[in-house]
Amino acid sequence: MGTVRSRRLWWPLPLLLLLLLGPAGARAQEDDDGDYEELVLALRSEEDGLAEALQHGATATFHRCAKDPWRLPGTYVVVLKEETQRLQPERTARRLQAQAARRGYLIKLLHVFHDLLPGFLVKMSRDLLELALRLPHVDYIEEDSYVFAQSIPWNLERITPARYRADEYQPPNGGSLVEVYLLDTSIQSGHREIEGRVMVTDFESVPEEDGTRFHRQASKCDSHGTHLAGVVSGRDAGVAKGASLRSLRVLNCQGKGTVSSTLIGLEFIRKNQLVQPVGPLVVLLPLAGGYSRVLNAACQRLARAGVVLVAAAGNFRDDACLYSPASAPEVITVGATNAQDQPVTLGTLGTNFGRCVDLFAPGEDIIGASSDCSTCFVSQSGTSQAAAHVAGIAAMMLSAEPELTLAELRQRLIHFSAKDVINEAWFPEDQRVLTPNLVAALPPSTHGAGWQLFCRTVWSAHSGPTRMATAMARCAPDEELLSCSSFSRSGKRRGERIEAQGGKLVCRAHNAFGGEGVYAIARCCLLPQANCSVHTAPPAGTGMGTRVHCHQQGHVLTGCSSHWEVEDLGTHKPPVLRPRVQPDQCMGHSGASTHASCCHAPGLECKVKEHGLPAPQEQVTVACEEGWTLTGCSALPGTSHVLGAYAVDDTCVVRSRDVGTTGNISEEAVTAVAICCRSWHLAQASQELQ
């Protein structure tokens, strides 16, 4: 698709009626590329037209890319509400065309979505946006925008666990039970690396190239796609050497595509899945554009249908949350590292980072198939290559355990990653705590990991600076929220709590007056057959503090949190020389409400670990022993200079203000409290399967 704008045409009524009643108005016309299009100029009655539309308030919203050079004004994705019927997108599109015709505009209907999301793609004048937003059933409209390829043999050694490394790469399986869809440029399927492993589909939806009116031949435009196909499943340089690939062309010869083309490609995959259900599917999205609500929504729909999506974080040395599909929570988002496990730098740019990145993977000077000849190889760099590595690892994990859910796969990828190997100084200071220090690696064995209690840390977006501002973090649908904490760089916060929203528990953090904003931090775990609840004690007002415990029989404590309404709890000095938290009890400041997260699950046992220091420290940590998993992390209790607490792998970290910058030296204790759990039931079930 190009960026051709619709033109406003004033039609004399007799001529308009002639067009409608004649053959030219009754049949579709062919556009310049030979595609079949329909120009509807039908007049409809006032009762069924604008008058009806204007009765409805414009409750729909309009979205567009935040980066102006990437925008495609004149092309729009109109998304309808989820409860609309299957035929409603066509009806709404034709209603819009009819109402536009009465105003002298032509609208070109480019595509109708059914299987991915209810909606349609149109080319029209921006003048018609208000009219379209007022149509019944419309949820939101998004202006189309560009997406870009993200590429500018140490890599195979790097993803092999250290104690299993040999002179050559020996993966546990080839990923042969998994099909990988690659949305990219075209592919040279005859290259010896991927010959017989790639099926080039007939799907092609790409924009015109800059500076030319005509597309180049696809065979001359397959460098990026061929290289990535080789990284995923190449005979010599591939990660999952047995995985089969299907290629969809959504990027042109310049490595440029559009959001709408990507949407149509994802719908193509969903249609194939419905028509011919197969084994596990992995979709590799080695592209990035500006934040797109509709693209993220499409990824969510596909993920909930059982498809694993792996995306490049982006090569803009920026927060990955500003780009799509990297910002979609249901997507496994991958940043890039080099042979020294450091973030990849690409000229003045480099890998994206931040809370939307799940993990990093090799992405610099990656050797792979070249489109120059059927036996040529080439080196490429970028988060596209990093994402291809993770797609290959995912294929092998799914081949070993085809029933893995997306949540289970993501947790395993995180658990088996190499930890704390990246130099965080490369990232902006405000992003270091948010960016995972994880580099992807194959598990020692693709079997037998089921006994582990897997947990991960999920950070919210930063809240606003107002006193009543809040931040919210949530877990994936298949995960349990076992604890909630908060963090503020200024230290001005009012704590956190777990609350129910839409049938799921969420973690909500509260900013304080004069604060710069706050983060909510959820600890999300895989705990089958769990029954979890939250017990709250109001502020005690006096005494040593507010206490609450798990009073239901068989429930164990998995997390503690507190929140308060006052701006400053003041100082509170709990004793340091004796244990302060019982195995089933939380303690908070006497002026705070305290919450205990309590769970019952077969074989679940938990214990509390503490580490306290009598003088202010910038950081205090306490870790769980091997075989135990951190489910809760909190600071004890309510010290005025504590910035917050958060989990890093199985370590609880409590951060405090630098006393050198505050000018005040306090003798308040800083205590980190970790709740460590394990499940005997999971271990027993895993042994029975082996």
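Yeah, the Cβs are placed from backbone N, Cα and C, and that goes for glycine too.
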Candidates C455, C475, C586, C598 - disulfide partner of C525 as recorded in Swiss-Prot: C455
Disulphide bridge to C677 as given by Swiss-Prot, partner from C606, C624, C633, C652: C606
Bond partner of C676 - disulfide, per Swiss-Prot - picked from C598, C599, C624: C624
Among N531, N664, residue that the record in Swiss-Prot marks as N-linked glycosylation site: N531
Bond partner of C356 - disulfide, per Swiss-Prot - picked from C321, C373, C376: C321
Listed in sequence order, residues with CB under 8 A of C475 (disulfide bond) and six or more positions away: V458, L481, K504, L505, A522, C524
Rounded inter-Cα distance in Å - C550 (disulfide bond), D184 (active site, charge relay system): 52
Packing count at C624 (disulfide bond) (other Cβ atoms within 10 Å of its Cβ): 21
Same-chain residues at least 6 apart in sequence whose Cβ lies under 8 Å from C586 (disulfide bond): R547, V548, H549, L557, C560, S561, S562, T594, H595, A596, S634
For C550 (disulfide bond): DSSP state (helix, strand, coil): coil
Per DSSP, three-state class assigned to C221 (disulfide bond): coil
Between C253 (disulfide bond) and H224 (active site, charge relay system), the C-alpha gap once rounded to whole angstrom: 9
C633 (disulfide bond) to C598 (disulfide bond) - Cα separation in whole Å: 14
